[in-house]
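Chemist: Provided herewith is a single structure, encoded as structure tokens, for subsequent inquiry.
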């Protein structure tokens, strides 16, 4: 940010179509559209009230934190409306009653300052510079407290933190997963070596500080990588997993399981997805990208048969356990690429009435979408992490025999720019 001689700060005008105000931790900014003009105008940035978070604007994680929640919802609604307008109507966004401390999965990276002081926090956006964090307004409070105390224990036990530049040191990350309904807590200690000095005493000290912890896992990541978790794990205390309830079903969650981070909103999202599917108890359903089986197992109550497909073998194992745990017998699990699996089904003359698809943020690829078209289900329920990639995929599907019926945005990540959307597509009449 440049400085005028007057001492007032200014930034260049970005390319936005509508004038908009938003707060940062120190400033209030007006944004205008330049409509592609090469000449960039300058704008004055004036002081605004203090941010809710002391590191807001540094970590990059909560872009909308200081925006009133109703305004956040309106902004997300407007975004989804605009992107999906060519394909279908968008219903009113489903917001959250209490949009704080909702994350059931919390990660902290550990390091140290030049004076040796242990710090923990998150990487500044786009860098590997650690922004120290004591408490985050969107993270589970229990997780933040555990991470703070682990930081103090490292000092007491004289355990060195890992240095990315040199490759020396031991302690790299902590991952905490919490059960919203069950209250169970998992702590994963990520080390560069399988040897934790004074391991038993360390675990005992941590449990004394936090008796709510139900399992502690040592994960070994000795690679120079941006990945948090390594392949090898040892259970130091408890069962090595936690359980939580979602839409009346119990799910086992391991350290590497994909499980939505906002339990309250996930229940609303999945309930809406199953409602849009229009299940009557007679349908054959495919749950693509099934993960640990959540959508398919919840939908099984209203379907004749569910076929769940997932490429990750560990997730499939958890899904099978989850089916047994809930006494569900009309769901079958396959470890395979969902697109390949559906194409094989079509080649063998098999069919499906409904396909649930919940791809990663990058959306699906054309190969997967073509397999959906080849299988030709009556309805497709698309659960999307990003309305931009959803719009891209709808363009393909609506050109290949499907009509988008309706879309419902769900605010899974308050205070951030992300928005989830569930969209119903129906096969066009032949």
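Glycine too: its Cβ is placed from the backbone N, Cα and C atoms.
Okay, so TrEMBL annotates it like this:
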- 385: active site, nucleophile (ACT_SITE)
- 385: active site (ACT_SITE)
- 260, 289, 310, 358: S-adenosyl-L-methionine binding site (BINDING)
Chemist: For residue 310 (S-adenosyl-L-methionine binding site), which residues of its chain lie six or more apart in sequence with Cβ-Cβ distance below 8 Å?
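Modeler: Residue 310 (S-adenosyl-L-methionine binding site) has long-range Cβ partners 289, 290, 291, 293, 316, 319, 333, 334, 335, 336, 338.
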Chemist: Residue 358 (S-adenosyl-L-methionine binding site) to the residue listed as 'active site, nucleophile': how many Å between their Cα atoms?
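Modeler: Their Cα atoms are separated by 8 Å.
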Chemist: Determine, for the S-adenosyl-L-methionine site, the additional residues of the same chain whose CB lies within 8 Å of the mean position of the CB atoms of 260, 289, 310, 358; present them in sequence order.
Modeler: 258, 287, 288, 290, 291, 294, 295, 359, 383
Chemist: I want to check the contact list for the residue listed as 'active site, nucleophile': same chain, sequence separation of six or more, C-beta distance under 8 angstroms. What comes out?
Modeler: 359, 360, 361, 418, 420
Chemist: Under a criterion of Cβ-Cβ distance under 8 Å and sequence separation of at least 6, what residues of the same chain contact residue 260 (S-adenosyl-L-methionine binding site)?
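Modeler: Counting only residues 6 or more apart in sequence, the Cβ neighbours of residue 260 (S-adenosyl-L-methionine binding site) under 8 Å are 266, 269, 294, 412.
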Chemist: Over all pairs within 260, 289, 310, 358, the annotated S-adenosyl-L-methionine binders, what is the largest Cα to Cα distance, rounded to whole Å?
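Modeler: For the residues that bind S-adenosyl-L-methionine, the greatest Cα distance is 16 Å.
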